[in-house]
Amino acid sequence: MKAFDRPALTAILVEGARGLSLTLSEAQITKLIDYLALMVKWNSVYNLTAVRDPLQMVTQHLLDSLAAVSAFAGAKNVLDVGAGGGLPGIVLAIWAAEAEPEMRVSLIDTVHKKTAFLTQVKAELGLANVSVHTARVEQWNAPHKFDVITSRAFAELNDFVNWSGHLLDEGGEFIALKGVAPDTEVAHLPAGWKVREVRPLQVPTLQAERHLIFIERG
């Protein structure tokens, strides 16, 4: 499927969410598909993702991010580092607007064309719980600390922690979205940090290993 068949894509998203035991409202489903449509439109010019087929985008981007959202329950200030096209941050924000209404999601990337896309998504989808920042995370003076810092396909764990550790609040944690369990990366975590949990994820219709890595001070 290369054409943007909205009913078919919606059906796959709804079925996948059911497989994740997630209940999405009609408004959330509409916004997720609207986000996908924007990604398809902008991708042809801005090269946001190597995935070109909207059907594959539902599984590899939307459902892959939705599989992780429950791990963020209770978080108030979340930072998505190297946000790129908005994964998992935009998906998390769409979910949180109803599921975790006090959550705020900040997206940071160094590439202006990517943050321009994210700013457009925020505006078109009316995501009041999202802020977008163009900066290098290691040099960024954020207006506040974050209780959760996340990333997907951003960097090795030691770099992720070293570059953004100054932005993590006391008692906060990193949640990294990874493919195969990164045992070597875990072994090379810098001093002062420890892995609290490595959690396998099952993403409907995705035949690939996915893991969440929870890192805290210790």
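Just so you know, glycine gets a Cβ as well, placed from its N, Cα and C.
Here the structure is a predicted model, which means the values were calculated and not measured.
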Of Arg104, Arg152, residue recorded by Swiss-Prot at the S-adenosyl-L-methionine site of Gly82, Leu87, Val137, Glu138: Arg152
Leu87, Val137 as binding-site residues, winner by CB count within 10 A: Leu87
Cβ-Cβ neighbours of Glu138 (S-adenosyl-L-methionine binding site) (radius 10 Å): 13
Residues near Gly82 (S-adenosyl-L-methionine binding site) in space but at least six apart in sequence (CB under 8 A): Ile108, Asp109, Thr110, Val137, Ser151, Ala153, Phe154, Ala155
